[in-house]
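A short write-up of the structure that comes next.
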Amino acid sequence: MTIEKVCIILGVLILSSIFSLKLSKKFNIPTLIIYLGIGMLAGSEGIGGIAFDNAPLAQFIGSLALCIILFSGAFNTNIGEIRDIKKEGLALAVIGVFLNTLFVAVPIYFFTPFEFLQALLFGAIVSSTDASAVMSIIGFSGLNIRKKVGGILKLESGTNDPMANVLIILLLGVISSGRFSFPRAVLFLIAQVGLGILCGYLIFRLALLVLERFELKMQELHQLIIVGFLLTTYGLTNLVGGNGFMAIYILGLSLGNSPLRYRKNMNRFFSSLSWFVEVGMFVMLGLLVFPMQLMEIWRVGVLVSIVLIFLARPLSVFLTLMGSRVENREKLFISWGGLKGAVPIIFATFPLIEGVENSELIFNLVFFVVVISVIFQGVTLPFMSWYLGLESHEESPFQEGDLEKMEYLEERVVKIRVSSEGILAGRRVHELNLPREILLILINRQGDNLLPRGNTLIREEDELYLLSDNLHTVRSYFSHTEDIVN
């Protein structure tokens, strides 16, 4: 296949996936299912006829995409919002993953050809949740859920992916070696989690130092620096025996709650990048599956889905949160909100690559469970939010402004660069005697944005941003100065 055809196919797949958002909102269909459907239609058994069965490549691309998705979610998480529910969220991410794995493994061991270790592996793969899917469905429905419930789901989702990954790696090692040592397993878990947290924090400190020392005026370079540290974190942590996904989450959470320049633009950049890779990842995973194979295992798939949705998830949530401040109806919604997304499908490629017995059945069952979970739970989630009375109508009167939406400002702002030969340097703002038609709104000093006050001293090389309905007035007022007007 030529590069031209590849570009056309990729472009059409991405555009059709994005345009399908309109369809998703109109018919209340989860977008994730549409993306998977587009991938399946484009596959070898669909109208596209694209043959794609490269599990190692899918795992490689999926792991990189997961790094970006995890980082973006962590970067946009406000620690202040999760401080009160950190115990519940982390408990679900750690204890909940282990309980969910066990509660899934025991029943399916009796009605599948899996050995018990394979059943545990399957349970670990489907134990991770996708809070971004939950929030997108709630958002498209125009609903707001309680901050506590949303915070628990978001924190659990961000931290249970690394924990599930650690458990999967451990089980794959036991299956391949045929031996299990409890002390070694405990040491492995401690090393994976501990080194992951340590590497994530150390690289965060280094990244913060670099961003502070290198005063780069181009904000795009700051974003690229963070992308570089993101990739380095994942690779380096895995090399030293830690969990790369855990390190990525710690890096994103730490950077996202640090005083960084261009924070808003970074949030937008990583949110857009995360959205892009998630679309691409779902389409790719849709290409990887063979629909005819799914039809062959639909009965087992339905049984496994019932076990997961109605037994394993509620049991693990209620037992983990026993004695907490979370109400029963909130626990029920958290149980229902444990949607499965792309992560379990990516994790299901691990057994394929390792050549584990029944690995193809594991992959197809995981794919089936994800589809059932997103369709059944995703469509009914807004109803559950309303039925359980968890809709929140609270809205803070103080909201972060977004000046980029005020497009008219861009055409009414003039920038003046203060020159050493001009008359502005060394004067204070109140000494400018600006007419009422001109408003000084910002002073940029060596990359730092300052709010001007009457006694603020203007220095050489400062950039003054002036707002006026009549730009000719601004240029006329400063026409006698040597300062540069743009």
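Glycine too: its Cβ is placed from the backbone N, Cα and C atoms.
Annotation source TrEMBL lists domain 'RCK C-terminal' at 401-483.
If you look up TrEMBL, you'll see 6-23 (among others) marked as transmembrane segment. Sequence-remote contacts of a segment are chain residues at least 6 beyond its ends whose Cβ falls under 8 Å from one of its Cβ atoms, and for the transmembrane segment (6-23) they are 29, 31, 34-35, 38-39, 42, 48, 50, 276, 279-280, 282-283.
Taken from TrEMBL, the feature transmembrane segment covers 32-52 (among others).
For the transmembrane segment (58-77), the list of distant contacts is 52, 131-132, 154-155, 157-158, 161-162, 230-231, 234, 244-245, 248-253, 255-257, 266-267, 270-271, 273-274, 277-278, 280-281, 284-285, 288, 342-343, 345-346, 349-350, 353: same-chain residues at least six beyond its ends, Cβ to Cβ under 8 Å. What TrEMBL lists as transmembrane segment is 58-77 (among others).
The transmembrane segment annotation in TrEMBL covers 89-110 (among others). Using a Cβ-Cβ cut-off under 8 Å and counting only residues 6 or more beyond its ends in the same chain, the transmembrane segment (89-110) has close neighbours at 82, 116, 119-120, 122-124, 126-128, 151-152, 154-156, 158-160, 163-164, 167, 303-304, 307-308, 311-313, 315-317, 319-321, 324, 334.
Among the features that TrEMBL reports, transmembrane segment is placed at 116-143 (among others).
For the transmembrane segment (164-182), same-chain residues at least 6 beyond its ends with a Cβ under 8 Å from one of its own Cβ atoms are 97-98, 101, 117-118, 120-121, 124-125, 127-128, 188-189, 192-193, 243, 245-246, 343, 347, 350-351, 354, 356. Summarising the annotation, TrEMBL assigns transmembrane segment to 164-182 (among others).
Positions annotated as transmembrane segment by TrEMBL: 188-211 (among others). Proximity of distant same-chain residues to the transmembrane segment (188-211), defined by a Cβ-Cβ separation under 8 Å and at least 6 residues beyond the stretch ends, is recorded for 162-163, 166, 169-170, 173, 222, 225-226, 229, 232-233, 236-237, 240-251, 254-255, 258, 260-261.
Among residues of the same chain six or more beyond the transmembrane segment (223-252), those with a C-beta under 8 A of the stretch's C-beta atoms are 63-64, 66-68, 70-75, 77, 158-159, 161-163, 165-166, 191-201, 203-204, 206-207, 210-211, 214, 262, 265-266, 269-270. Residues or ranges marked as transmembrane segment by TrEMBL: 223-252 (among others).
Within the chain, the transmembrane segment (272-290) has long-range Cβ neighbours (under 8 A, six or more residues past its boundaries) at 13-14, 17-18, 32, 35-45, 50, 52-55, 58, 61-62, 64-66, 68-69, 71-73, 132, 342, 345-346, 349, 363-364, 367. If you look up TrEMBL, you'll see 272-290 (among others) marked as transmembrane segment.
According to TrEMBL, the feature transmembrane segment maps to 297-321 (among others). Panel annotation: around the transmembrane segment (297-321), residues 88, 91-92, 95-96, 99-100, 103-104, 107-108, 111-112, 123, 126, 331-332, 334-335, 338, 361, 364-365, 368-369, 372-373, 376-377 of the same chain, lying at least six beyond its termini, place a Cβ under 8 Å from a Cβ of the stretch.
If one looks beyond the transmembrane segment (333-353) by at least 6 residues along the same chain, the residues whose Cβ comes under 8 Å of a Cβ in the stretch are 32, 55-56, 58-59, 62-63, 65-66, 92, 121, 124-126, 128-134, 137, 145, 149, 152-153, 156, 161, 164-165, 168-169, 172, 278, 281-282, 285, 288, 313-314, 317-318, 321, 326, 359-360, 362-363, 366-367, 369-370, 373-374, 377-378, 380-381, 384-385, 388, 390. Annotation comment: TrEMBL describes 333-353 (among others) as transmembrane segment.
Residues annotated as transmembrane segment in TrEMBL: 365-388 (among others).
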Margin query: Using DSSP, what is the helix/strand/coil residue split across the domain 'RCK C-terminal' (401-483)?
Written below: 18 helix, 22 strand, 43 coil
